[in-house]
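First the structure, in the form of structure tokens, and then the observations on it.
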């Protein structure tokens, strides 16, 4: 897998050696097929996390984890209705250039910085997780695995650019699917069929799919996962450079929508399959938890352990599983490096040095890609010290930042009254409040509801073999080596002695706030940013909708079959876009700004053909 990725990178580096432009390097000349683009988008944020982390989460919490997959479908609807038409209308290279056009350059820089930090951290987690898998199923140590995988991703992405990323991801999608299906089918056969899996999850109190409790302090229910997951996926798939760059690599709005829908289906399927794999793993190890019995250190190693156990007599199958995990990781890291490199070039370097030649820009892009890969590898060594499961770490940090970033774009696109001061206030307040709640949840002991929401685990059925790690496992050792992942800090817990946790009872407002599910951090950040942003905008003087550039605005509801009064209401006073052309002034740094008072200056005008809007914009 690593060799194939390198060969694809070398191939496109040689094939496009005469096309020394950043347009080709980052966007594939905006003429890529939507199906490979969609598969690449699917793997960008599915990665090894789907193969390894989601099954572990389903093992711990049951079938309710399948709602993670279903929640991903919401983002495709939002992207197709709003973000894809807007991006293709503006033809911007960096998603954050929209914030410069709508507010100012400082907003673009601040949001770009937050996005780069968030993405590098996400890539580091995927590299660590894949190294953890390699450590569990092969003689290769974790540190060596991190270095090798990071170096490979960095090299082929730096050499081949977007085309190498897209086509490598396309091949890796099928490998990831094959590995996940192999574990599922073989696991079903080993436990005696689907019926036995169903009986096991009922006995283990993991038949939690229909958990509809509205209590926001329960870590995993339909509401926390579906709502929190939908917010996280919308922010990730609509306002992240790694994805919007894919939309712009398609030649039209129609192709970009096809790519979006193409990505949503495999994401949903793979996440549901991962949750089912977690249920199969539980049925296989029922009564002999590998973490409690000290066979492995972390639940995120469960899938790797099961692969070794069920495929020990079939040569090559463990290798297929490792390839599937690597496929997801390679896709995430390569896509992240490529997209963050264009973000840094367009938002940080070119505004200071706008006259750089295409050759120098390309060299800078490759150098930045190399630095990002090196930084990802460095942070991956820190991930083991964070504690908790990978899923909780990811959704906590994604929630802290992505919810607020999505709120800023929401203010800019749908609320014409939002001004620059309000946008700054919203972008700073949302992450601050979400991070405060996150730290509070770390410092506070878990509530009794959190403790009882976690299904039991035991080692009562472990075989007692002389010299085996299962022998003489006492209650005290269970308390020392088992984990509750309902808080960000690894907390000792015994299925046999819950009182050892000394759970807190939430009485005060802050105690209750600290107890809300980590899945709601993104929702909290979004709501706080949106509320504070609009409030500050009205306090400091709202923008006049009549003077807003209509090219930068989208109504929440707009359909040609609706009465004109309704369509006009949802425009909030923003003028309509001219039916056949738009006048957009082009600034020196490459971004576009509308200027109604300078329409007669031909050197500053760029006529952009308008694609006919479909039923809903």
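Placement of Cβ uses the backbone N, Cα and C atoms for every residue, glycine included.
Between the listed ranges 109-130, 461-482, TrEMBL ties the annotation transmembrane segment to 109-130. The stretch that TrEMBL tags with transmembrane segment, taken from the ranges 367-387, 493-513, 556-576, 577-597, is 367-387.
Put simply, of 258-285, 393-414, 421-439, 518-539, the stretch with the most CB pairs closer than 8 A to the transmembrane segment (109-130) is 393-414. The recorded stretches the transmembrane segment (174-197) and the transmembrane segment (367-387) do not share 3+ CB pairs below 8 A when only pairs 6 or more apart in sequence are counted, and are therefore not in contact. If one looks beyond the transmembrane segment (393-414) by at least 6 residues along the same chain, the residues whose Cβ comes under 8 Å of a Cβ in the stretch are 49, 53, 82, 86, 98-99, 102-103, 107, 111, 114-115, 117-118, 121-122, 125, 228, 231-232, 234-236, 238-240, 383, 386, 422-423, 426-427, 429-431, 434-435, 438, 488, 518-530, 533-534, 537, 552-556.
Touching of the transmembrane segment (258-285) and the transmembrane segment (64-88) is concluded from the presence of at least three CB pairs under 8 A, sequence neighbours closer than 6 excluded. Where the transmembrane segment (325-346) meets the stretches 64-88, 367-387, 421-439, 518-539, the count of C-beta pairs under 8 angstroms peaks at 367-387.
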